[in-house]
Amino acid sequence: MLVVKKTPKIKGILSAPPSKSYTHRAVICASLANGVSNLKNPLNGADCLSSAHACEMFGAEIDLNDEKWVVRGSEFKTPDNIVDIGNSGTTLRILTGISSQISDGYTVLTGDDSIRKRPMQPLLDALKQLGLNCFSTKNNGTAPIVVKSGKISNNVVEIRGDMSSQFITSLMMTLPFSENDSEIILTTPIKSEPYLNITIDVLDKFGVKIDKIEEKNKVGYKIKGNQKYLPCDYTIEGDYSSASYLVAAGVLLNSDIVIKNVFKDSKQGDREIIEIVKKMGANVEINEDNVQIMGPYKLKGIEIDVTDIPDLVPTIAVLGCFAEGKTVVYNGEHVRLKECDRLAACTTELSKMGAEIEEKKDGLIITGVHKLNGAKLKTYHDHRLVMAFTIAGMMADGETVIEGEDSVKISFPDFVDKMKSIGSNIEVI
């Protein structure tokens, strides 16, 4: 458990952890490339290590170090055993598609209790459109998933754009193996598009090209066939999702902090956290590779469309508790499909602290109360809730006890140590 007490001031320089999204994609691309790739500044978090270990089961050789992963990639082979991806939905979804392109045999992918509840049916249906054979062993669209190797026989696939972007990423990373050019057609407007831009960016670095289709009656992506993944040296940038908790702490508390390893020109959608706190009234300075904050700031409630930034919702919910007026979060139906139903979880747990928060079908309405009280909070094995609630606890009167703090190893393994280094009053017990 994590015990958090009111923190009077934070001060110091700290780095945002490497991007989870970029690390996942880079290690899988490198594993598919015939040759040696050097991945610098990878995230050594549980989810990304799940991707690395899964790729090793498909035949990649990976030397894992804190500052660099050396990946010797090759054509994927049939795994000798069931591929257990732990708690990583990204790993499960990307490798479900790619495992269909091994030369022979079957792949079985599964994970922990949480993963075995995450929806997979839209991806399975899309792969079946391509002529591939895959299914849920429970016949309910969840893991364990069985995938049979096979050739892609149809080159147009339709899929909703408003479910999980990970389904589309899986198709993007699988279709370059087709003998013919392919199209992914989106049947509904895209949500979480920045994650697809990250996929396209990483694929480009590893030699795979994807073009966007933007026609009057057709939106999607075009992928040339017979493309080869090529090895490269790749540096992974800092993670704006993880940096959002540092930003929130900086604008709410008496602070003087510099957050390094976040880039002004990043393609990450969650860089929007900077614009959000500015619109709420914070004078945050964004430089080429760092953010400077000298708080606290008097915040005002605003309306925020979270279509492309679902991972920021817990951070926004905490900010809204201390803002003047109402903070409205909308277009967030997909936020319910993360590690837990984050809309329900934020409502339930922050209310225990005295927050005035209303859950809507697609979002939240938070009325600023300016003061929270310590409470015992559940986090539903969700790393983002642990970190967002920590910031709430640092602002609250009394003591806040947060369960499940070990889940931060997924995306920000040294979160507690870094927060303590700048003066946060937190302890693991």
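Every residue gets a Cβ built from N, Cα and C, even glycine.
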Do you know which of ASP211, ASP305, ASP311, ASP362 Swiss-Prot groups with LYS20, SER21, ARG25, SER164, SER165, GLN166, SER192, LYS338 in the 3-phosphoshikimate site?
ASP311
State, in Å as a whole number, the widest CA to CA span among the 3-phosphoshikimate-binding residues LYS20, SER21, ARG25, SER164, SER165, GLN166, SER192, ASP311, LYS338 given in the record.
19
Check the binding-site residues LYS20, ARG118, LYS338 for other C-beta atoms within 10 angstroms of each C-beta and report the one with the most.
LYS20
Which of SER165, GLN166, SER192, the listed binding-site residues, has fewest other Cβ atoms within 10 Å:
SER192
Including all protein chains displayed, how many Cβ atoms other than that of ARG25 (3-phosphoshikimate binding site) lie within 10 Å of its Cβ?
29
Which residue, of the binding-site residues GLY89, ARG342, has its CB surrounded by the fewest other CB atoms within 10 A?
GLY89
